[in-house]
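Colleague: Sharing a structure below in structure tokens format, with a few things to ask.
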Amino acid sequence: MATDGASCEPDLSRAPEDAAGAAAEAAKKEFDVDTLSKSELRMLLSVMEGELEARDLVIEALRARRKEVFIQERYGRFNLNDPFLALQRDYEAGAGDKEKKPVCTNPLSILEAVMAHCKKMQERMSAQLAAAESRQKKLEMEKLQLQALEQEHKKLAARLEEERGKNKQVVLMLVKECKQLSGKVIEEAQKLEDIMAKLEEEKKKTNELEEELSAEKRRSTEMEAQMEKQLSEFDTEREQLRAKLNREEAHTTDLKEEIDKMKKMIEQLKRGSDSKPSLSLPRKTKDRRLVSISVGTEGTVTRSVACQTDLVTESADHVKKLPLTMPVKPSTGSPLVSANAKGSVCTSATMARPGIDRQASHGDLIGSSVPAFPPPSANRIEENGPSTDSTPDPTSSTPPLPSNAAPPTTQTPGIAPQNSQAPPMHSLHSPCANASLHPGLNPRIQAARFRFQGNANDPDQNGNTTQSPPSRDMSPTSRENLVAKQLARNTVTQALSRFTSPQAGAPSRPGAPPTGDVGTHPPVGRTSLKTHGVARVDRGNPPPIPPKKPGLSQTPSPPHPQLKVIIDSSRASNTGAKVDNKTVASPPSSLPQGNRVINEDNLPKSSSPQLPPKPSIDLTVAPAGCAVSALATSQVGAWPAATPGLNQPACSDSSLVIPTTIAFCSSINPVSASSCRPGASDSLLVTASGWSPSLTPLLMSGGPAPLAGRPTLLQQAAAQGNVTLLSMLLNEEGLDINYSCEDGHSALYSAAKNGHTDCVRLLLSAEAQINAADKNGFTPLCAAAAQGHFECVELLIAYDANINHAADGGQTPLYLACKNENKECIKLLLEAGTNRSVKTTDGWTPVHAAVDTGNVDSLKLLMYHRIPACGNSFNEEESESGVFDLDGGEESPEGIFKPVVPADLINHANREGWTAAHIAASKGFKNCLEILCRHGGLEPERRDKCNRTVHDVATDDCKHLLENLNALKIPLRISVGEIEPSDYGSDDLECENTICALNIRKQTSWDDFSKAVSQALTNHFQAISSDGWWSLEDVTCNNTTDSNIGLSARSIRSITLGNVPWSVGQSFTQSPWDFMRKNKAEHITVLLSGPQEGCLSSVTYASMIPLQMMQNYLRLVEQYHNVIFHGPEGSLQDYIVHQLALCLKHRQMAAGFSCEIVRAEIDAGFSKEQLLDLFISSACLIPVKQSPSKKKIIIILENLEKSSLSELLRDFLAPLENRSTESPCTFQKGNGMSECYYFHENCFLMGTIAKACLQGSDLLVQQHFRWVQLRWDGEPMQGLLQRFLRRKVVNKFKGQAPSPCDPVCKIVDWALSVWRQLNSCLARLGTPEALLGPKYFLSCPVVPGHAQVTVKWMSKLWNGVIAPRVQEAILSRASVKRQPGFGQTTAKRHPSQGQQAVVKAALSILLNKAVLHGCPLPRAELDQHTADFKGGSFPLSIVSSYNSCNKKKGESGAWRKVNTSPRRKSGRFSLPTWNKPDLSTEGIKNKTISQLNYNRNASLSKQKSLENDLSLTLNLDQRLSLGSDDEADLVKELQSMCSSKSESDISKIADSRDDLRMFDSSGNNPLLSATINNLRMPVSQKEVSPLSSHQTTECSNSKSKTELGVSRVKSFLPVPRSKVTLCSQNTKRSSSSSNTRQIEINNNSKKENWNLHKNEHLDKPNK
């Protein structure tokens, strides 16, 4: 049993293990649990549970049998029947070794293994089950989500269908609209075609009209010619008539003698007989009839010779005249003036000639008791063409005078006879205009009077010129073109006539007649004296309103309706003449040329006077010749148009027409008693004021119907500005000076309304009520302020008028002044302390009124004008100082003064809810809106009653302004980081430059801000690198991102907004506007990439050297390791080298190498041993035994020109080229030890030479280095100064580039041209040592408005730098030959007299032609600074008189500018092509001849030398003692520089073209010498001047001598062999610009052959 049990145990224990293992292996191999479905998983789970149950049963069974098995194993081993068990026992019991494994498997261990495996399987199955459950849950959730997504998909699909339907409808609508719009477009196109057709028609019509106009002009010219011809005929006829008149006078004298004889005979006959007297009377009557006939003939003749009349000295008996036509002058409100004290005709008239022809036979017509009427002038002056009357009847009238011809009584200053027609509104007063008539006249009024009344040569209103006799009238055509001018001058003349007319008439001689002058403008009155005529009155039309003249303090009132004049002749019975007043009235619209002369024969003749509809006033005029006062012409009415808020002025509705009857008293009898009226108390006042005593009754009660009382007369006098009448009325007792008419207008109101300051002063001194208001509540101050009479306003304010008085509508004087744009009145009222916030009934304030008119000045005054302290008011300039510029271009007044008006007043709304900003924005008054926006309290979002903001009602311009209202202006600056110390030549380079100001609005996004910054930088780079003066606006259209200097937005290293770093494209949470406000960023700084980043952008911007060239230099250093920079002194070599070293150092450090810069300054004492120590100590020279280090060394050798290159670098040339241990070089140290060294591969050697070219032995060093030549006439030096100074100007103007015509631009251009012209002249003089780089000119001061600062700086630069260098170079050249080896020329310590003269001449020529030429300062101002320049006062005649008579035969007299560098690659100085082997001698001749024909630099001395060789030249010992050929060449070149261009017309030396000069030194061997001149400088087109006579002679002589033949060309300096080839063709391009020639040269100058031997002769070109 035991054996069976023991033997069966393994089988029972293996069974479940094998089953479980097989199941697991099958599960692993056949399927994956993750891929089972739910049902399969359930089945698998049931299988697992069954296995677990079976396992539990096995375990229980084994436990039950365990005891048996234990006993069996323990005690059954001694069974001898089983040897296997015995062997097992022995094995286990033997040796006690625990590590021995049993021979057979223990069932218990098998069971334990099975149990462990089952546990593992259980754990794995439970884990898989949990994973399956979680996946099941996820699956369920995904199914739910899928269902939700499907439902949402269905909804979206439905919505999509709906949207598609809607879109279809929209598309259909759009298609319809497109069709409609296309139809409209077609219609508009058709309309446009029609309009264009109409436009073409209009153009054709316009052209036709122009042609007609030209034809009319030609016609008028022809008519004028005809008139001139007729006038000449008239002159001839006048002379004939004068001769006839002389004959008649002689005949009359004979007749008088005959009469005397007859009288004597009669007396004798009386004695002899009593029956003969009856026969003498008919004879006498017959004689008188003869005289009458002769005078009648004169009347007819007078009409035909109207235009030519001389000054007449009347005889004493010329008082008798025929009836004549007497014009009634339309002088409104002008006082009448009687005859002059010297007689009825002023014989001292210097301004105007009397219109009276010489007549001698009219003294017997009228008796001497009749008032003397001067004869009508022999003028036929007709303002509007010929009159319509026929030949006058000598018995009835003389030829009727036109409206403005000379009056019959007295000659007026404004009435020049013949053609100087008087202004129609002028009064009739004395022509003399002497001081006796105007004792108290204002000189300004007198001057104005003479201006408008015509002096001896001033044109009158018809365009004629008042000249000394004989003068002529112009044609009617020319008069018609001057109507407007005539009206304007009439108005001013009328205004001046009131004050220029005498107020106190001098007593005239008895018999001088009084004169009546009435009428208005433009009606023209005519008065004719007839034998049996009755006065007749016609009513005229209202006159036009003249322009308002608020500026004249004494401006009279506007013209008024005319006074009707009835001249009563009832008391002139003994004269037999009557006065008929005929007023020919024309409406204002009718032109003056429409007036015509009415013949008096057509006037009705009645026995009784025809009275006008209104009562007349009988003016009894005294015969004493006293001046008639202004009462005779005082008129009321015709007020100017009422201003807004003001009603019509006083008496405008019922303007009084005052008919006046002027009675001409007979002879000189006193006034009859019947004509006198009571009231003699007024006679003194009347007489004292210049009135005739006979006017006194008029003032009391005279006439059929008097005026409406004294107060009305007072108002009329005040309204018209009649100070005389007003003062007289104010002296009366009991007169109510505060009387008001129906409208409530007082006399003070009328005077203030019309701007009569004197009347206002009189009324105020008479204590008139200053605040009396009319029926609308307007006071005199309101009226004066509305009309702009600031003097009246000032006077009323001084008399304490109520400045805040409000009318019935609430209008204050300030409001009315603002409403009518009266700036002076506003200023006076504000200074008086008026209230600015008074509102009208409509809610309008003065601010509303000022904005409504769009007057910026008024608004500025209201907002900024303060009440001055201590009575000092702002002057007008202060109140308007600064333009309110949003761009901040000028300093605005609010930067100095703050607004004085509160925010409530600015934001006050009227009845409609509109503020002042609403009004300004709606009317498009951008300037007014801008000023309002400057006020900090403005509320632009305030809405009106229609819920509209200011932006809603604004125009487009104003909307743009409002959108920029709160825009921040942040200056944008460019910084280049730290500027190196001045040792590197960067002391004039600026660290920061302001390029523009950015507008940052509230709605500006960060993207817009980034684009603005990038665009501003791009525009700035393009502007400073352009050829001309560009503004930022000019370059915005340029789409290129890179500028000419290579900078762009990519050159930016970093940007700081205030102190916050920012990069392009970066965005913050806040908008740029909020960000700037919050961080208080005052500027935006752009830092360019510099050497620290391994870039050269900052170096480019600081030095203005193009980035491409700097990168090229850096590439040369990195590639060749040995580079030397050379150029004229001041070419920034040190700065360039140091910046390249910094950039190279940082690049090497970025690559992981350590780098060091070693700098050494070379001087004359720097030895080769010191240089060796420098190389060794800096680890640049390494011993052969030593291993190289990874450290990079950059060695800079500065100022190599101070030492000899060949001596200093000779031993280092070979190892520098071959840097390796294979080519070592042995150097001996100072201690005597020698050692082999080699140059490290990582060593960079850079040097600087301040010399334009190498010479002598230094050329041996040239091939071992890479050379960078910084030529002054090539890039980068050529444009560096221009770019630098332009950037300086832009920075000075805060980013705004000024216009090219700005004085700053001109002075900067001048400084630039000085540098270029100076170098051009120095190069031409062959003194390359004196050439200057741009460094010295970088410090040019830019001070706007002070060009003198730049000139003073230039004088210091000239005296301190330029002149000493030029002096040294000239002495070096003129004293000794150039010495090879050291490279420098030494001048004599004690120059000779001739050398000193050459130096002075050179300095003088350079100063005048290169420095002072082109200076924009005025000549007088420049002369003051010329003395500051030393060397400018040398007589250039010494130079021009010098001649090269001591030159050796066969040598050339001219010499050239030099460049001796054989490795030069750019032919800036050279010509495009060189020697051609196939050039024939004949070709050279032709070219030479053509060149000489165009030679502009030929001098007179050369011409003389060509003609006379040595015979006519000056002895050198007498003038200049010059010892060498170079010295003679120098003087020759100075001659050519100052010849052919006069000192007064200095042109640019830079334009001197390549010359080919010939000198006849030997008989048939003329020498050709070519001068290489600079072709880079700009030239002016007006520089090409014709040859003078001397030059022409020289050309012809040279031509004849050239044909003799060409032997050879000799040159002492290295010159391209084919220099001769292109001389003539270059001269043909005399008018082309230098830029064009530069391009041609640069394109063709790559291949050059240079002669390096100084004394080698060039063979003939055809050899």
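Think of each number as a place in line: the chain as shown, counted from 1.
Every residue, even glycine, has its Cβ placed from backbone N, Cα and C.
In case it's useful when we look at the structure, here is the feature table from Swiss-Prot:
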COILED    119-276  coiled coil
COMPBIAS  386-396  compositional bias 'Low complexity'
COMPBIAS  411-422  compositional bias 'Polar residues'
COMPBIAS  583-593  compositional bias 'Polar residues'
COMPBIAS  1582-1599  compositional bias 'Polar residues'
COMPBIAS  1624-1638  compositional bias 'Low complexity'
COMPBIAS  1645-1663  compositional bias 'Basic and acidic residues'
MOD_RES   ARG498  asymmetric dimethylarginine
MOD_RES   SER1524  phosphoserine
REGION    1-23  region 'Disordered'
REGION    203-222  region 'Disordered'
REGION    358-440  region 'Disordered'
REGION    454-479  region 'Disordered'
REGION    499-616  region 'Disordered'
REGION    1446-1477  region 'Disordered'
REGION    1580-1602  region 'Disordered'
REGION    1618-1663  region 'Disordered'
REPEAT    709-739  repeat 'ANK 1'
REPEAT    743-772  repeat 'ANK 2'
REPEAT    776-805  repeat 'ANK 3'
REPEAT    809-838  repeat 'ANK 4'
REPEAT    842-871  repeat 'ANK 5'
REPEAT    912-942  repeat 'ANK 6'
Colleague: Would you mind listing the long-range same-chain contacts of the repeat 'ANK 4' (809-838), meaning Cβ under 8 Å and 6+ residues beyond its ends?
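Modeller: For the repeat 'ANK 4' (809-838), the list is 550, 643-646, 776-779, 781-782, 784-790, 793-794, 797, 803, 844-847, 849-850, 852-853, 855, 857-858, 861-862, 865, 867-868, 873, 876, 879, 901-902, 904-905, 908.
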Colleague: Let's see if you can do this one: DSSP helix, strand and coil counts over the repeat 'ANK 3' (776-805), in that order.
Modeller: 17 helix, 0 strand, 13 coil
Colleague: Please work out the helix, strand and coil residue numbers for the repeat 'ANK 6' (912-942) from the DSSP assignment.
Modeller: 17 helix, 0 strand, 14 coil
Colleague: Could you give the mean pLDDT over the coiled coil (119-276), rounded to a whole number?
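Modeller: The average pLDDT of the model in the coiled coil (119-276) works out to 93.
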Colleague: Which numbers of helix, strand and coil residues does DSSP report for the repeat 'ANK 5' (842-871)?
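Modeller: So the repeat 'ANK 5' (842-871) is made up of 20 helix, 0 strand, 10 coil.
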Colleague: Using DSSP, what's the helix, strand and coil tally for the region 'Disordered' (203-222)?
Modeller: 20 helix, 0 strand, 0 coil
